[in-house]
Amino acid sequence: MSRVRASSAPAPKGLKRPVKVCVRVRPVLEREVENGCYHGCIAMAHERVYISTEDKPVLIGSKDDPPPEGVKVYPGFDGLLDQDSSQEDCFQVAGRETVDGVLWGLNGALMAYGQTSTGKTHTMVGDKSRPGLCLKAAAHLFSEAGLLGSQIEVTASFLQLYLNHITDLLVKDGHEKKLKLREVVEEDFVDTRVEGLSSRPVKSMDDVEALLEEGNRRRQQACTALNASSSRSHAVLILNVTLWQGTEEENATDAKLYLVDLAGSERVKDSCATGDRLTEAVHINKSLFALQGVVAALADGNPFVPYRNDPLTQLLRPALGGNCCTTLVATVSPAQKHSRESEGTLNFASSCRRIKGEVFVNSVRKPRPWEEKPKEEPTKTEEPECPWASLAALDAASVMESQMLDTAHGQIHVLTCGPADGEAVLLLHGCPSDAWTWKWLFPPLLYSKYRAIAIDMPGFGSSPGTRLGSRSELNNAKGGPLDICCAVLDALGVQKANVVGYDWGAGIALSMALLRKTRVNKIVPFHPSYSPPKGENLGVMPVPVLVLWVKEDQFHNLTKWRKHFQALPSSKRELEVYSLGSRWKPGMSLGSDPQLGPQLQRRILAFLAGEVAAPVAGALEKRLEAKAATAAGQLVVHAQNVVVADALADAGDVAKQLREVADPTLAAVQQFKELWSAGRLAALYAQRLTGSSASSAALFGALPEMSPEALSDPNILVNLGLWSQAPEGWERMRHTPRYCVGRKVLVRQKVIFKPSDSDFMCVSSSGADRTTSKAELKGKSKENADTWLVEVTEAGGSRRMAEVPKAEVLRLNQRHDLAKNGKHVLLEDGLKCDYSSPLCRAKLCEIALALSPVVKNLDFNTADGGEAVQLKALEVIRKCLDIITFQKGLDRGRSCATCDDVAKMACHGQGHCHTVSSTMAAFLFPFAQVLGLDVKYRGGYSWGGVNMGEPADETVEVADSPERHQWLEVTLRPSLQSYVCDLWVADAVGNDALKWPISEAYQNRLYPNGSFNIGQQSCPEEATDLDLPEL
């Protein structure tokens, strides 16, 4: 029989190259699903396969984007079959061209390769309801021959390679006879034949189906942890096809079709193989390793190919490097847990694509159908030119106006461009740098008719003066960056601006949005150098924020800064991360990079305009989820790790949703609320006190930290889901004065100091120097602003004006700030409070939830300023504290004075007045600002019994020392009414002692000595605190 080179005759349509490679993803298996969901590692788009090598979601903007870290891309496969593909789809994509080639006289091979349990046998053999490539190939041979009017003769052989031995699957007890391979050297290639292999004629697909059933009954299969019916041998079905067209013998073609079901590779620790199964796994992996070596040699064009390293490679020699048109179906699992094996399969498949060879048509002059056509150069899709490109080509100095502005803080140099009535964009440089660093952003802002304003900070660029410090806590210093920015806006007549900053400038932008929010629309911090100082809480960010980052920049660490990004309200924040790869160089101008620059320009403009940005490749915070079905038909959730944006209809919206950071704090709060509603907190606290529950520690530790500094705004609690709404009129209340005409204050005067005297605490020249509450503010002295005038009560009931030092009034009446040592707040008797501890977080969250229904009724705009609701809040907080006094005897099951953790005291404690007052202080101070409370920790003298109705001891004389009692004093804003909150007395007489007017408490039972007994300090005076007339 003669052979002619295929190139000498026309080629059948569709046959492209010697080895064709398709990838098939099987449906997920039940064992790969956890809690109804699995993480998918495979994405198919643009004739490419993307696989995530790490279990984290990532976004790929378009096919032209470089793959992000943790993703590998495999382009150029001939067919891609996803989980929903049918057996017919598989045949049409992977099998039909090869079978058509057999009809033209070309040898063909269909092979399935992949990890065990990825569906190779299903692909090749299938079942009666879903026939695989073997049966569909046979059916196609017979049907096409009939359509061509040709006579066809087919004989079939079926063998397996098990433990390196070839046996015949069509012979009874054939496994006992080991068959030998023999190489046959043809004119242009080397063929391999199996001596003694039987063959049977087949005339229909039914004959082939019966033959497969018979052979598969003899094939070695076993159960492993990865597959209940794992193939333990390589199986090859060989169809010898002779086709006559017409009556002339020389018109016949003779070709072979190899249908190969390779046993799957497996990791022994996953399959749990032992004994015989382990021996089988070793031989399977060894033979597949040899196969990989042969494919690598063929792909690299090596002159020596190690076919003889293993019987498998010898057997498949005609299919790989001989006269054969081969198609490989690489089968992979969609689950991330098997991504390593899937990656190995795709590497092997990619190598197969590079195999080159010549194919001959038997006895018929036909073209070489598998000859590869010259590759067409891919048309490069050029990045569309930015519409402001013509402006970018101009000299920046020609479009920018340089000005020196006279401000209250000295001369400041600025660069401006754009219409005077355009929306302002304030550009803030890093440290060290100057305004010209923004020249790459001038053209797009000018084109979009924004008014760009770039500042040279003092001492930088062309601005004279001393350089400002770049630390975040100095941003709001007098004459600092925020004052400079506002002064520049005022000088240019701009009320409100968008702010774009880099490094130091980005930190200034964040501070400006928090502290000068009436001057800011939106901010774009690029590589922010910023750590929130005291008084700046990112959780109450009032304006939209777009954070920009280039991940290769070694001087700006996104991992460290991400906690600050997550502190921003989820509805206000956006994060865009870019990658420069090897293009990144220290000191480079990121905005001037020809690829990155236009991306930054478009993204900033889209954010300022409120548009949905085009997706950019990079890490995602969430996975794209869709409904899917397992191989058994069970509905599950497919959570995809690799998302190709431009393959989606609504790419921008999807990318934005997937980039939204899942806030673990909000999730923890929601879980905590459910436990609180179910009444399960007491049991969890008990577990934490005994250290018996790690799960509660994890939950409590994920809750928000609520220190007095952190709770600077009630909207923080609303954003956390702990309060349903903020108090009405809170912003107005916080700017009301603390010292105005008519307020009752404590002052030091000579007073009568015996409680038994009817003029107790009244001013008397014969009295002793003590602290009295019988004083009322009237004004301040015209001659000396540091002297205030108060009206005091004299013995006998008369009233007169007295001059008192302003500093003394503030010392005795200003709210307190508790002492700290590192992260610990220091209290009485060695007690400490760590607001970051899990138990403290939990107790504060419990109090916040209990306060929520009370706060709904708190309206600072009412006539009494919400006084009744504020007093109710004190009762609610006290109720949440599981601490009692020693008045009812010692309870040894409770934390007592030997414990120094105030959080444990709050969960199940006992103590004297010092302990209960310290515990109440620790958990009241964080809520003081949001409830409008000025809290002071008091110490002093007490007399009489515990009960408020008991008569006083006639012999007592109050003194500043010794100190016999401690309590809290609370001044309500805006009413400025003051109350004693005494837990010791309340434990005996009830909640009236939690809201005890000082006019009663300091007259009948308590004397405040005014000392700072636990190291506390008076808070500094604020600008709005004073509203006193001059007298």
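Each residue, glycine too, has its Cβ placed from N, Cα and C.
Since the structure is predicted, the reported quantities are computational estimates derived from the model, not experimental observations.
What TrEMBL records for this protein:
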DOMAIN    18-355  domain 'Kinesin motor'
BINDING   Gly114, Gln115, Thr116, Ser117, Thr118, Gly119, Lys120, Thr121  ATP binding site
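Overlay of TrEMBL annotations on the structure.
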residue	record	contacts (Cβ under 8 Å, 6+ apart)
Gly114	ATP binding site	Lys120, Gly264, Ser265, Ala330, Thr331, Val332, Thr345
Gln115	ATP binding site	Gly264, Ser265, Glu266, Thr331, Val332, Ser333, His338, Glu341, Ser342, Gly344, Thr345
Thr118	ATP binding site	Arg26, Gly264, Thr331, Val332, Ser333, Ser342, Thr345
Gly119	ATP binding site	Arg24, Arg26, Thr331, Ala631
For Thr121 (ATP binding site), the number of other Cβ atoms found within 10 Å of its own Cβ: 25
Per-residue pLDDT averaged over the domain 'Kinesin motor' (18-355), given as an integer: 83
Neighbour tally for Ser117 (ATP binding site), based on other Cβ positions within 10 Å of its Cβ: 28
Most Cβ neighbours inside 10 Å, all chains, among the binding-site residues Thr116, Lys120: Lys120
